[in-house]
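Taken straight from TrEMBL:
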- 137: active site, proton acceptor (ACT_SITE)
- 130, 246, 248, 297: Ca(2+) binding site (BINDING)
- 132, 146, 304, 308, 439: substrate binding site (BINDING)
- 297, 317, 346: Mg(2+) binding site (BINDING)
- 18-122: domain 'Fumarylacetoacetase N-terminal' (DOMAIN)
- 280-321: domain 'Fumarylacetoacetase-like C-terminal' (DOMAIN)
- 345-498: domain 'Fumarylacetoacetase-like C-terminal' (DOMAIN)
């Protein structure tokens, strides 16, 4: 018999008792943040459940993890504690269990209508890494930028390619996205050396003092930066003309798992981390993944194309804020760099769906040719059958248009391979870290995970109920959804949305 809750849940709801995704919320504006799980149209306040001493298991009985302002402490406890919590919550919420069902006072305190709450970032994200794991996306980008002779570079088939992103620019679904403005204000280089020293000692005692002040100000709707719009012309400076989304998912660790789009992405939330210098074995990697969220990694394609050589994406991926860079001293003086940046560049959905909830929808991952090296070879290589959609609603429209239908199962490099590869050099991941899958594209044209692919870098137009788009315009609202269809229930992620607003004059 299928598990059923005493709380009425519509069959199309993303949050049945089989899901129970974790998030952080405020029940009212003046209250403190606290962990919760989504059930139907309600949020179950885990701090109230813990205060009522209803977590009886040996791992959570005396823990204060649900009295924290984020999920990091709970995430760090590892899979045995996650399983214990899930079993307790499913029992408490089941139709046959009277403990919560028949306690009107506790129900009133612990079950908060979702329409009333403010949803927050579920974890404090220490680090964020974005992978490039979809073969279809990689091939399409190669065809656009390099042509048919060599669309996929050789290294891509041997390792999960990635770059390190900005954790400070990850925001919760519903946050407006401003096109940034970039100004270069000052550059001073000063050299000091002693003329009395011979050349050999000069090289040893040379003091180099550099001061560079770079300011990103008035981050507003038009994302500003350098770009190279046409061959042979000087760099363009101003608002981005090719603002895009990426459809992704993200891992949250112990490690972690999450999702992202605009390019359609998902992201992983890391659970328990690994010690510095100790890689995670590929066949144990799933124990370091707490769950998955949807992710939109907003991208300014024109800025990104100009700046990414040779070190990869930078300002084209993190928008909106101020940047101060840095004073440095070298040779026998300490090297110091100060970077202060507040930016908006990556949106995630508020609810973390656990791997336990996704397990019924596990599926075989694509065959990898050539076979991966031993440290990336899994005993069981699997993806998850998660249907993903992207909707765009122009400011002048009441209803959104579906522009992409993709699926997490299309990933070439699996979530566990991404995590294991990240640690193979001894890199230590920490609870709450975010690992984005990269844009998730499928084999069909309608399953392409970003506007770069859908419009073939602006060569074609996309019709949104009579409104043409090549890239995003001010006022456009982008929404990602993701779900799995079970027998009479739906496992979903809720929404991951953001609206483009113009830059200040």
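Cβ coordinates come from backbone N, Cα and C, glycine included.
Automated prediction, rather than curation, is the source of TrEMBL annotations.
Mean pLDDT of the predicted structure over the domain 'Fumarylacetoacetase-like C-terminal' (345-498): 96. Taking DSSP states H, G and I as helix and E and B as strand, the domain 'Fumarylacetoacetase N-terminal' (18-122) has 43 helix, 22 strand, 40 coil. Counting in whole angstrom, residue 346 (Mg(2+) binding site) lies 5 from residue 297 (Ca(2+) binding site) by their C-alpha atoms.
Cα to Cα, residue 132 (substrate binding site) and residue 248 (Ca(2+) binding site) are separated by 10 Å. For residue 246 (Ca(2+) binding site), the nearest neighbour among the listed recorded positions (137, 146, 439), judged by C-alpha distance, is 439. Annotation: 439 are the recorded positions among 137, 146, 439 whose CA atoms are within 10 angstroms of the CA of residue 248 (Ca(2+) binding site). Separation of the C-alpha atoms of residue 146 (substrate binding site) and residue 297 (Ca(2+) binding site): 23 Å, rounded to the nearest whole number. Over all protein chains present, the Cβ of residue 439 (substrate binding site) has 34 other Cβ atoms lying within 10 Å. Closest to residue 137 (active site, proton acceptor) by Cα-Cα distance, out of the binding-site residues 130, 297, 439, is 439. Between the CA atoms of residue 297 (Ca(2+) binding site) and residue 439 (substrate binding site) there is a gap of 8 Å, rounded to the nearest whole number. Cβ neighbour counts within 10 Å, taken over all protein chains shown, single out 248 as the most crowded of the binding-site residues 130, 246, 248.
Sorting the binding-site residues 146, 346 by the number of other Cβ atoms within 10 Å puts 346 first. A Cα-Cα distance of 9 Å separates residue 439 (substrate binding site) from residue 130 (Ca(2+) binding site). When the recorded positions 137, 297 are compared by the number of other C-beta atoms lying within 10 angstroms of their own C-beta, 137 comes out lowest.
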